[in-house]
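All remarks here apply to the structure that follows.
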Amino acid sequence: MPGKPERPDQHATLGIALRVLAVFTLSLMMATVKIGHEYGIDNMEMIFWRFAFALPVTAIWIGLGGGFARIRTRRPMAHVWRAAVGLSSMYFVYWSVSLLPLAEATTLGFAAPFFATSLSALFLAERVGIYRWSAIAVGFVGVLIVTQPFSGHLPLMGVAVGLAAALGVGCVSVTIRSISRTETSEAIVLWFAVIAIVPLGMMQPFVMQSHDSWGWILLLLVGLFGGLGQIFITASLRLAPISVVMPFDYSQLLWAVMLGWLIWGDIPPAATWIGAAIITATGIYTLYREQKRMRMESRAAAA
């Protein structure tokens, strides 16, 4: 007898599970990056090996999935721009975890949707209503609670780099939103890695160091966790709508707190939890309003 067809909710459940797994994997990557910094590995070298080790994994996944026909592109320069923005963003993200506790660096990263929404209004001419602008304002109040800029709770350089990282991730989101109108997710992922590794490789003679076995293990893990995390994110979006899976990105704070406590003995203060709750709530609300706007535009276009 033929098996029962899978229900949409089964796909959604698997999509959520893959998203949580992606977030956990990327949290492991960030913890490994922080350890790598403490071990004396240069930031640009870690980013290079993140791509060098992840690229074969990504290529195999695409080859076994939809095939390489899905990576054909009609907008090569758009991928070059995405790679430039993505590399800049990744540099600040990696740098931020060297300056801040893992939980605080993760929490500041949650400000990325606020930057993305603001940039979408400026560069993509998307309409942002009073509700989303209000949510963004409240979200940045949460950022102020976490950072406590005048208390000395966190180093100002770390806060500045963490916010620059969030801005960079927001820029990446806007860029991907524009490119995805014509390009597949596989093309966006693979061309980013292929293009980015070229300038990174050219920099290596100036930053590469000799490593013992432990150093190479750290670099391998950065690439492995980064590649797997990207694959899990893409797979989750194939199974469930972004409005269903994206709120689970905020579970990264729980993993960051757990890893920060297990590895470094860090316990976030109450201000971090309060600010994170505000940022998370406003981030999810911003996503909800975004999805509602997109549904209304789709209905209007179909009418």
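Start at 1 and count along the chain as shown; that gives each residue its number.
Heads up, the Cβ atoms here are built off N, Cα and C, so glycines get one too.
Among the features that TrEMBL reports, domain 'EamA' is placed at 14-147, 157-281. Marked as transmembrane segment by TrEMBL: 12-35, 47-68, 80-102, 108-125, 130-150, 156-176, 188-207, 213-233, 245-264, 270-288.
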Ranked by Cβ pairs within a distance under 8 Å of the transmembrane segment (156-176), the first of 47-68, 80-102, 188-207, 245-264, 270-288 is 80-102
Between the transmembrane segment (270-288) and the stretches 12-35, 47-68, 108-125, 213-233, the largest tally of CB pairs under 8 Å belongs to 108-125
Using Cβ atoms only, state whether the transmembrane segment (80-102) and the transmembrane segment (213-233) have three or more pairs under 8 Å that are 6 or more apart in sequence. no
Out of 12-35, 47-68, 108-125, 213-233, what stretch is closest in contact terms to the transmembrane segment (245-264), meaning most Cβ pairs under 8 angstroms? 12-35
DSSP-wise, what's the residue breakdown of the domain 'EamA' (157-281) into helix, strand and coil? 108 helix, 0 strand, 17 coil
